[in-house]
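*Asks:* For 13-34, 46-67, 79-103, 110-130, 150-169, 280-301, 321-342, 354-377, 389-410, 422-443, the entry in TrEMBL reads transmembrane segment.
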Amino acid sequence: MELWDKNMKTTEVVFEAVLPVLKLLSMALIGLLLSHPKIQMIPKPTLRLLSKLVFFLFWPCLIFTHLGPVISVKKFIQWWFVPINVVISTAVGSVLGFFVALICRPPPEFFRLTVIMTAFGNTGNIPLAVVSSVCHNEDNPFGGTCYDGIAYAGFSQWVSVVLVYTLIYHMMEPPLEYYEVIEEGTEIEELTDLPTRNENDLSTPLLIEAEWTGIEDQRTEHCQTPLVATIFNSISDVSQSNIPDIESIREEMPSSPRSYGCLAEPKVVRKIRIVVERTPINQILQPPLIATVLAIVIGIIPQIKATVFGSDAPLDFITDSLAMISDGMVPAVMLVLGGMLWEGPNESKLGLRTTIGIVVARLLILPLAGIGIIYLADKWNCLIADDSMYRFVLLMQYATPSAILLGAIASLRGYAVGEASALLFWQHVFGLVSISVYIFIYFKLLVNLF
């Protein structure tokens with residue numbers, strides 16, 4: 001698919017690149033103004049409810065109605081690089097985050113946070129919002145197949161969710177030293193009583209509820225303990241009285257049939273099993289992921305697909321209704337984002353130098369690395385031929401701010417909640433500019449290079 005004319009003026013490309021972000025910015029500004037304490041047309045309880053509607057209704061409907069009609073067995077195979085690209089971007093971001101931590105030298109307890117906040121980007125609602133904004137006009141640069149970009153973005157949801165609810169969940173556990181300080185002081189009461197504290201500080205609830213609604217109900221006594229470090233590390237310099245007893249953890253686990261065999265279960269296997277059983281796998285099946293799986297299953301089975309999708313399908317009235325509901329996703333997301341930005345950044349002990357380093361690495365350096373990766377993938381014939389929107393979505397996966405879900409995980413684990421919130425705030429503020437710049441760069445590259 002050809003993207004524009006190669007003789008198109010640079011000013012016209014700039015206009016087409018900035019226009020989608022201006023649309024999103026306008027909606028965010030409306031949310032910011034309407035949530036102002038002096039206006040209060042959209043109070044914070046309403047923003048929280050709107051965030052739940054996005055999570056449970058608008059976002060799943062958008063994915064289902066755009067992914068289902070275009071997916072097939074052939075395309076399922078052709079799109080193999082979309083989830084792989086999420087893993088690659090995470091790996092490259094982790095390397096960048098490691099170097100940021102080495103260079104900027106954050107406080108020791110925030111070393112892992114620096115890596116995490118640089119590595120894991122928002123592959124969900126922000127790419128969907130950008131693609132929807134780009135495709136809103138009939139004369140969009142990608143033509144009639146522009147909305148396939150929503151299908152591409154939705155197709156990557158499953159790998160992002162799996163990474164966050166498994167790897168990130170355990171990487172965000174409190175360091176042993178940090179855990180000990182909490183136990184010896186009184187701050188643990190503030191952490192365990194987080195919902196009560198947040199009644200007056202509503203910036204955190206908006207952040208927490210944005211991509212994990214009902215997170216407070218999932219908190220257990222083990223969520224805020226350094227489980228992995230306790231099990232796998234030989235602890236000699238930390239007070240054992242302040243560390244959860246591994247034997248008590250094992251006793252709570254269902255007895256394994258292997259323990260009754262002739263050979264005892266190896267210690268390493270037992271430790272891994274304990275960590276796996278403490279991983280919130282049941283939380284992976286969230287509404288957006290369920291919508292993705294349903295769309296894929298229905299889309300790759302022709303007989304079922306013919307009854308659900310298409311103007312002649314018997315159930316077309318249902319999918320058409322879902323499509324109408326999904327139109328509220330982008331405005332709702334930007335209104336909630338505007339309300340979040342009005343609260344400003346939370347207090348952070350991360351340090352200005354580290355904060356700047358993470359923002360620069362995530363929003364400026366990682367997208368440049370993404371350009372090189374996608375260019376090589378194109379040259380190695382890993383991408384769909386002549387599909388500019390496909391390449392645009394892959395490039396966007398490197399240019400987004402950190403995933404908002406990281407703030408929810410930080411709150412659940414009781415680790416660096418204020419620091420994660422502050423980083424998300426500054427990344428989304430500067431992301432409005434960086435995304436505009438990189439959309440312009442991507443458009444120029446899609447015309448002249450790919």
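Every residue, even glycine, has its Cβ placed from backbone N, Cα and C.
Unlike curated entries, TrEMBL annotations are predicted automatically.
Each of the listed features needs to be described in terms of its position in the shown structure.
*Replies:* Only residues 6 or more beyond the boundaries of the transmembrane segment (79-103), in the same chain, are considered here, and those with a CB under 8 A from a CB of the stretch are 111, 114-121, 123, 152, 155-156, 158-160, 163, 354, 357-358, 361-362, 365-366, 369-370, 373-374, 377, 382-384, 393-394, 397-398.
Within its own chain, the transmembrane segment (110-130) has Cβ neighbours under 8 Å at 20-21, 24, 54, 59, 62-63, 86, 89-91, 93-94, 96-98, 100-101, 104, 150, 153-154, 156-157, 160, 163-164, 168, 171-172, 175, 211, 288, 329-330, 333-334, 349-350, 354, 357-358, 361-362, 366, 393, 396-404, 406, 410, 415-416, 419-420, 423, 427, 431, 435, 439, counting only residues six or more beyond its boundaries.
Note on the transmembrane segment (321-342): residues 24, 27-36, 42, 44, 47, 50-51, 53-54, 57-59, 61-62, 64-66, 125, 128-129, 132-133, 203, 206-207, 210, 425, 428-429 of its chain, located 6 or more positions outside it, place their CB under 8 angstroms from a CB of the stretch.
Residues 3-4, 13-14, 16-18, 20-21, 24-25, 28, 117, 126, 130, 134, 141, 207, 337, 340-341, 343-348, 350, 355, 358-359, 362-364, 367, 371, 392, 395-396, 399-402, 404, 406-407 of the same chain lie 6+ residues outside the transmembrane segment (422-443) yet bring a C-beta within less than 8 angstroms of a C-beta in it.
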*Asks:* Should anything in the same chain at least six residues away from the transmembrane segment (150-169) have a Cβ under 8 Å from its Cβ atoms, list it; otherwise answer none.
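*Replies:* For the transmembrane segment (150-169), the sequence-distant neighbours (Cβ-Cβ under 8 Å, at least 6 residues beyond its ends) are 62-63, 66-67, 70-71, 79, 82-83, 85-87, 90, 116, 120, 123-124, 127-128, 131-132, 135, 279-281, 283-284, 286, 288-289, 291-293, 295-296, 389-390, 393-394, 396-397, 403, 405-406, 409, 412-413.
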*Asks:* Give the nonlocal contacts of the transmembrane segment (280-301) in its own chain as ranges (CB under 8 Å, at least six residues past its ends).
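*Replies:* Counting only partners 6 or more residues beyond its ends, the transmembrane segment (280-301) has Cβ contacts under 8 Å with 55-57, 59-61, 63-64, 67-73, 76, 124, 154-155, 157-158, 161-162, 165-166, 169, 212, 218, 308-309.
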*Asks:* Counting Cβ pairs under 8 Å to the transmembrane segment (354-377), which of 13-34, 46-67, 389-410 comes out on top?
*Replies:* 389-410
